[in-house]
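Some notes on the structure that comes next.
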Amino acid sequence: MTTNYIFVTGGVVSSLGKGIAAASLAAILEARGLNVTIMKLDPYINVDPGTMSPIQHGEVFVTEDGAETDLDLGHYERFIRTKMSRRNNFTTGRIYSDVLRKERRGDYLGATIQVIPHITNAIKERIIEGGEDHDVVLVEIGGTVGDIESLPFLEAIRQMAVEVGREHTLYMHLTLVPYMAASGEVKTKPTQHSVKELLSIGIQPDVLICRSDRSVPNNERAKIALFCNVPEKAVISLKDVDSIYKIPALLKSQGLDDYICKRFGLNCPEADLSEWEQVIYQQANPVGEVTIGMVGKYIALPDAYKSVIEALKHAGLKNRLTVNIRLIDSQDVETRGVEILKDLDAILIPGGFGYRGVEGKILTAQYAREQNIPYLGICLGMQVALIEFARHVAGMQDANSTEFVPDCKYPVVALITEWRDEDGNVEMRSEQSHLGGTMRLGSQLCHLADDSLARSLYGEATILERHRHRYEVNNMLLKHLESAGLRVAGWSGDHKLVEIIEYPDHPWFVASQFHPEFTSTPRDGHPLFAGLVKAAGEYQKRAQK
């Protein structure tokens, strides 16, 4: 199989939406029957995003094989059926780490290690490895053309055209075409200068994606084509839209997929975008709306909860309901009380780390339990629900997690020190373990209890869900919690770790140790989120009576 490569770069400014554009194009190509995958190359020095602040970087997206990756991989999985893996995302830090390890081992036989060829060769090797067994691989280069950090990646993809053949490589460049209100026209000069910067590196773009708040007029597209040495049909206008799921149809309407298939000599049928048309129809035709409060500590940057927010929207599609998400700082709950939680149809507490804001989350879980408000807890959201239950129902007033109070009287949540991974290998951790790459990560088997709400939502006895955490329910105290009314609705594959808890006396109270948001998609949704939104609609109807 010959793999074709589409390299996606961005210019003028950051945050143009390279990831969304790449994912949308991949969705069209997949709809034409092609085997497609997407890679993200990040120029920062961190080995991976696992220890980066969510406020700076946004969420860490966890793949099936346990890689902690850029949030763009979440977009990729939401747009195409191909599952991402650790091969789909790597950083400058990872490349340098690998090269230096080989140098220390003596693999380079005493050679002087340089950016060219050693770093660029390592980048190319990873790109080729990630694209194996695929018809098309889209490779998104993080950052903006002109950044010093991106230069090794740009040099590597320039060399790729020489090594795999220009007929199997295509350079797609996203650029800003701003609208000037004073003159009433769009300006193409920033695009011209961005392309000039790429040309100075040795890369001639084949496709230009022109980002603007409005459609770029045909005469301006012709001007861009002339000055940037790109066919006019390869200058694509990508205006702002109210839903990212409209972008595949927008790109297809301008013939981008046809142009690329002809460029690569691929003979494939027309794209069937009927599934995306259904998604857009569901978005545009809700029969009602609900308000769900998401209580967290990173709400200053909503991208810190990107997959959770998208999963709630997907659940809205499945229930034909518009989901209004109210972001609530858990510290505000501590200082202002549960009054700020009123008028919510459901409550969700997502994952997180550290003690800041935890007591506000515990108050939130208590409020949801006592007021019979639908509740979904994820990771830390399950742990705070457990702590709240232990304190106020099971009579364990000093209950806590050893993450927050190491010597607490009732450590209902404690550090996992030993477990088996998905391959059966024993993993061990301690309080002294490094933070990076030392959590229980990736897709894990979960057995659902026969009489549980979770079993009825999933419709099957065993499921696979993704994890990212160090702390677990302390089984030593579990019997006391169960005798007080707690139900364990899901166990790990070896039946040793609690994965889901429920409160049978509550209309809808589910909390999971895993992260269900990572497997939700606009076309399929996710059972837990769909169940939460449905329960929110039912709660709203009861409250209005």
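Every residue, even glycine, has its Cβ placed from backbone N, Cα and C.
Binding site for L-glutamine per Swiss-Prot: Gly352, Leu380, Gly381, Met382, Gln383, Glu403, plus Arg470 from the candidate set Arg466, Arg470, Arg487.
Record check: Swiss-Prot places Asp147, Ile148, Glu149, Lys187, Thr188, Lys189, Pro190, Thr191, Gln192, Lys223 at the CTP site, and the matching candidate among Ser14, Ser401, Ser443, Ser452 is Ser14. Within Asp70, Asp72, Asp303, the residue that Swiss-Prot lists together with Ser15, Leu16, Gly17, Lys18, Gly19, Ile20, Lys239, Asp240, Val241 for binding ATP is Asp72. Counting only same-chain residues six or more apart in sequence, the Cβ atoms lying under 8 angstroms from the Cβ of Asp72 (ATP binding site) belong to Lys18, Gly19, Ala23, Lys40, Phe61, Glu140.
Note on the binding-site residues Ser14, Thr191, Gln192, Gln383: the fewest other CB atoms within 10 A surround the CB of Ser14. If you take the Cα of Glu517 (active site) and the Cα of Cys379 (active site, nucleophile), they are about 11 angstrom apart, rounded to a whole number. Cys379 (active site, nucleophile) and Arg470 (L-glutamine binding site) are 10 Å apart (CA-CA, integer value). Long-range Cβ neighbours of Leu380 (L-glutamine binding site) (same chain, at least 6 residues apart, Cβ-Cβ under 8 Å): Ile349, Pro350, Gly351, Gly352, Phe353, Val358, Lys361, His469. Ranked by Cα separation from Ile148 (CTP binding site), the binding-site residues Ser15, Asp240, Glu403 are led by Ser15.
Comparing CA positions across the recorded positions Ser14, Lys189, Pro190, Asp240, Cys379, the one lying closest to Glu403 (L-glutamine binding site) turns out to be Cys379.
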